[in-house]
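Here is what Swiss-Prot says about this protein:
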- 22-23, 42-43, 58-59, 63-67, 131-132, Thr161, Tyr200, Asp334, 341-343, His472: FAD binding site (BINDING)
- Cys59-Cys64: disulfide bond (DISULFID)
- Lys68: N6-succinyllysine (MOD_RES)
- Tyr131: phosphotyrosine (MOD_RES)
- Arg166, 198-204, 221-222, 226-228, 292-293, Lys315, Glu341: NADP(+) binding site (BINDING)
- His472: active site, proton acceptor (ACT_SITE)
Amino acid sequence: MNGPEDLPESYDYDLIIIGGGSGGLAAAKEAAQYGKKVMVLDFVTPTPLGTRWGLGGTCVNVGCIPKKLMHQAALLGQALQDSRNYGWKVEETVKHDWDRMIEAVQNHIGSLNWGYRVALREKKVVYENAYGQFIGPHRIKATNNKGKEKIYSAERFLIATGERPRYLGIPGDKEYCISSDDLFSLPYCPGKTLIVGASYVALECAGFLAGIGLDVTVMVRSILLRGFDQDMANKIGEHMEEHGIKFIRQFVPIKVEQIEAGTPGRLRVVAQSTNSEEIIEGEYNTVLLAIGRDACTRKIGLETVGVKINEKTGKIPVTDEEQTNVPYIYAIGDILEDKVELTPVAIQAGRLLAQRLYAGSTVKCDYENVPTTVFTPLEYGACGLSEEKAVEKFGEENIEVYHSYFWPLEWTIPSRDNNKCYAKIICNTKDNERVVGFHVLGPNAGEVTQGFAAALKCGLTKKQLDSTIGIHPVCAEVFTTLSVTKRSGASILQAGCUG
């Protein structure tokens, strides 16, 4: 078949999108606005335990949305404890009901799935619950869950297939372990849980499971939160340990065995040290794997049409306009090589791509200074460079790190967690002390970080922060009064909420 410019009227669709997650749906709705004929193919391959879900991708079904709701469940448990100090008479034995939480979370997700279906229908986007595979230039095969196949053609294609959790490849992992894909709809309380991994998924799940009263252990191969600021990562780990989450460091599981079937059952985990011959064993009700995620790019026929991928990671290299090496095929989201794996990034990239393709826009997605939040018990918000990356980029002598602990006023009456919340900015002294890294550990870190992210985009400097009057008494005001540098070695401990 010839190129898209030769036979425009011969295609079934202007754009076929493989993947109905946040990025794919954003691109579909945007393209449809410009009168284009668009199809979305979305298919969820069940997990080894058989878990599947509806339209909307990872974020809505098994990611950000259920994760934040369960984090909120844990925060409410803490709020109940705090409330006694504020005069509320709360029963001593407050219990958490797993089934009720799961039902509420799944009902909300179901309403979102339905909302996406309706939105596509209203915009006249054709949606098929089918697995898409390239079978030749401009052609794709769609296979539904009954095995029925259809062939479609399109002028352009967008790959937005996302990622799925990785397994260990050891005896018993797929038979007996769960992943985050299973956790948010788990029909029984997981009980005593081992979480394997040190990713943000691992630590967030550990945090909210412990927060609702479960016995939680995290098994870590090396460092926490690889790729994030390690100063912040270590503070998160310390706080979690102080709040009863156990860490087994420098061990990896080599075998998982079932001792007793049930919901939950009992499992034996055998693990080996990463730096010696030492072997340890432990018994748990549930083992949750959170060791990373792999791009869903290897079984969609990319080799048939010549799309290059990184053979090691499965990631797709693209131009700054999200174009693959095959001109009529584009890619967005978590499957891109060397790009940030976050829902809002995929949404932005999808919308802007459709605007460039169909509305004459030239605006490209900006992958720099993307804000993010890790919803651990002590939330971590970040924007810009980690301290390690700033040193690597500018040299240690050319950066100044301002930092301070702070104590949220609301925590002073329950008298908890003083000198645990932490604020840090990293400035480039060769560029007017421009803020190149923003980091905050504390309640509502995402809400705090979002506004500062806009300021960083505008070229925020330390002088501008200093001349900004803070709102009192809130956590974010600490950023208007940062005066102690790391280099000075001076104390940053706080005696009260107002420093």
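Positions of Cβ are set from backbone N, Cα and C atoms, glycine also.
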So what sits near Asp334 (FAD binding site) in its own chain, CB-to-CB under 8 Å and at least six residues off in sequence? Thr58, Gly162, Glu163, Arg293, Ala295, Glu341, Ala346
For Tyr131 (phosphotyrosine), the spatially nearest of the binding-site residues Leu203, Lys315, Thr343, using Cα atoms, is Lys315
Measure from the Cβ of Phe228 (NADP(+) binding site) and count the other Cβ atoms within 10 Å, all protein chains considered. 20
Cα nearest Lys315 (NADP(+) binding site) among recorded positions (Gly63, Pro66, Gly132, His472) -> Gly132
When the number of other CB atoms within 10 A of each residue's CB is tallied over all shown chains, which of the recorded positions Cys59, Leu203 has the maximum? Leu203
Looking at the recorded positions Phe43, Thr343, His472, whose Cα is closest in space to that of Tyr200 (NADP(+) binding site)? Thr343
Near Cys59 (disulfide bond), meaning Cα within 10 Å, which of Ser22, Pro66, Leu203, Thr343, His472 (recorded positions)? Ser22, Pro66, Thr343
Ser222 (NADP(+) binding site) to Ser22 (FAD binding site): how many Å between their Cα atoms? 32
In DSSP terms, helix, strand or coil for Cys64 (disulfide bond)? helix
In the three-state DSSP scheme, Gly132 (FAD binding site) belongs to strand
How many whole Å apart are the CA atoms of Phe43 (FAD binding site) and Leu203 (NADP(+) binding site)? 28
What are the sequence-distant neighbours of Ser22 (FAD binding site), meaning same chain, six or more residues apart, C-beta distance under 8 angstroms? Gly56, Gly57, Cys59, Val60, Gly333, Thr343, Pro344, Ala346, Ile347, Gly350
For the recorded positions listed here, Lys315, His472, which shows the highest count of neighbouring CB atoms within 10 A? Lys315
